Amino acid sequence: MAIVGTILFAFYSVAIAAAWFFFGQNQTILAIAIVGSVVLVGVQYKVGKWMALRSVGAEDMDEQEFPRIHRRVESLSRDMGIKKPTLKVANMGVPNAFAVGRKGNGTVVVSRELIDILEHEELDGVLAHELSHIANRDVVTMQLGQGIASIVGIVAQYIVLFSGDNDLADFFLAIVVGNLVQFLVTLFVLAISRYREYVADADARRAIGTGEPLARALEKISQGNEQAAQQQRQRTSRGRGRRQRGQRNDDGLDQQVSALCISSPDTSVLQKLVSTHPPTEKRIQRLRS
């Protein structure tokens with residue numbers, strides 16, 4: 001995590017240094033850049049957490065209805081040295097789970113579909129994986145990375161715009177360059193996200209003593225997502241699968257939530273490049289190695 005933070009800070013530092021160089025040593029501009037970046041990341045973090053929970057209709061997980069899950073999360077949290085996160089349950093339409101928030105104020109959401117298909121040990125592996133994300137501050141790190149990507153893109157736009165003749169051609173060039181730079185930084189952030197998934201898998205394996213339960217859980221989740229995607233395609237072919245609000249993946253989850261979940265359905269080469277998760281088969285192979 002220290003290396004990841006250092007690299008993200010390097011991107012941010014380069015952006016601020018470039019703004020300082022091109023716009024002059026103006027204390028006001030520098031102050032606005034720093035304050036604006038902090039506010040941007042903070043807003044993204046707060047709004048992102050709220051939207052993720054709201055989009056799946058997450059509700060507090062009743063301890064009387066799910067006593068074992070509460071006990072296991074409390075035990076695993078204690079072993080990982082973190083405060084027990086808030087537990088929520090949701091009807092996602094697919095078997096999955098995700099974590100939001102930071103260490104000391106985290107939330108783990110588990111779909112009812114996941115609870116229905118997993119054995120106790122398999123569910124323990126999933127819970128340990130999500131707790132690892134909270135313990136390692138992965139969600140906060142990814143939000144920070146996305147915020148820095150936006151800042152770097154904005155700085156690149158203004159550099160192109162103000163270093164030219166400030167005409168219409170420069171305006172469109174600035175947009176293209178800014179989006180391209182932001183995309184390139186985002187690719188790096190996504191690579192970090194895929195790496196952190198492997199780390200969370202390894203932490204979960206250590207927490208429960210074996211990687212086999214989580215490997216089986218990932219297989220079942222992958223199968224469940226594929227079945228849901230197939231049903232969605234069938235509904236679409238019959239004309240009943242028109243998208244309502246926002247852009248959604250074939251599994252029916254908002255893309256923002258899908259990025260947080262333990263498993264992602266991305267399969268094509270391009271999807272793998274811009275995916276937040278590594279291929280499920282590789283994760284299973286590592287867990288069983």
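Cβ from N, Cα, C; glycine included.
Swiss-Prot lists H129, H133 as Zn(2+)-binding residues, and of the candidates E65, E74, E113, E197 the one it assigns to that same site is E197.
Each of the recorded positions E130, E197 was ranked by the number of other C-beta atoms within 10 Å, and first place falls to E130. A C-beta separation below 8 Å, combined with a sequence spacing of at least six in one chain, links H133 (Zn(2+) binding site) to A99, V139, R196, A200. Each residue contributes its Cα atom, and for E197 (Zn(2+) binding site) and E130 (active site) those atoms are 10 Å apart. Long-range neighbours of H129 (Zn(2+) binding site) (same chain, six or more residues apart, CB within less than 8 Å of its CB): A200, D201, D203, A204, L214, I262.
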